[in-house]
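Have a look at the structure below, then the notes.
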Amino acid sequence: MSPTTTSLRSLSFSLYASSNSTPISTPIEARQLLSSCNRFYGLSSSSSSSSLTTSSLIGNLVFSSRNQSLSVKVQALAAETEQPKWWERKAGPNMIDITSAEQFLNALKDAGDRLVIVDFYGTWCGSCRAMFPKLCKTAKEHPNILFLKVNFDENKSLCKSLNVKVLPYFHFYRGADGQVESFSCSLAKFQKLREAIERHNVGSISNISSSASEKVEDSSE
């Protein structure tokens, strides 16, 4: 037999064997590749699997922690949004928000001889915000006095016509006397507002009792 014939038969047998052999499955190849990598890096399959599991757990914990933190922030923001803004809070029925010049004039007219205190404020005004809780307390102590709140930004034409140039600013009105006093005030000078109330709310029973309580409060401060 010639070498050429032997070579052709060997090639034919090799091709036949190749076409009829069962291919190695992909999972087996993957496992073999992973095993080779582990041997190269000196790791066992179990330690590699353990490392992957630990990494997954840590990743899940971090993701869960971030989700919880985000959830808390969202809940806090929602609670803050639901609460009224500081300027939206009212001390009682004797504190009214003014939204127009017409409403302002009608409120003064309907008050009769009742003392009316107008608070001109801005939502952005830090001094207005600082003294507002004390103003609300004063309104509760004087239910006979009508307090009107005027938002400067929403009633600019009204404020301009009344010559309001600084905030917070107060106007005092009483019956036929009209405007009896006006001044700027702050938390540090809140006593100025109390003294004006004593001057213009003369004869009121609630004024006498509240003045006594204010003196006690001042002596304790």
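Just so you know, glycine gets a Cβ as well, placed from its N, Cα and C.
According to Swiss-Prot, the features are:
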type	residues	note
ACT_SITE	CYS125	active site, nucleophile
ACT_SITE	CYS128	active site, nucleophile
DISULFID	CYS125-CYS128	disulfide bond
DOMAIN	74-202	domain 'Thioredoxin'
TRANSIT	1-73	transit peptide
Assigned conformation of CYS125 (active site, nucleophile) - DSSP reduced to three states: coil
Those active-site residues listed as CYS125, CYS128, and which of them has the most Cβ atoms within 10 Å of its own Cβ: CYS128
Mean predicted confidence [pLDDT] for the domain 'Thioredoxin' (74-202): 94
Helix, strand and coil totals (DSSP H, G, I; E, B; other) for the domain 'Thioredoxin' (74-202): 62 helix, 29 strand, 38 coil
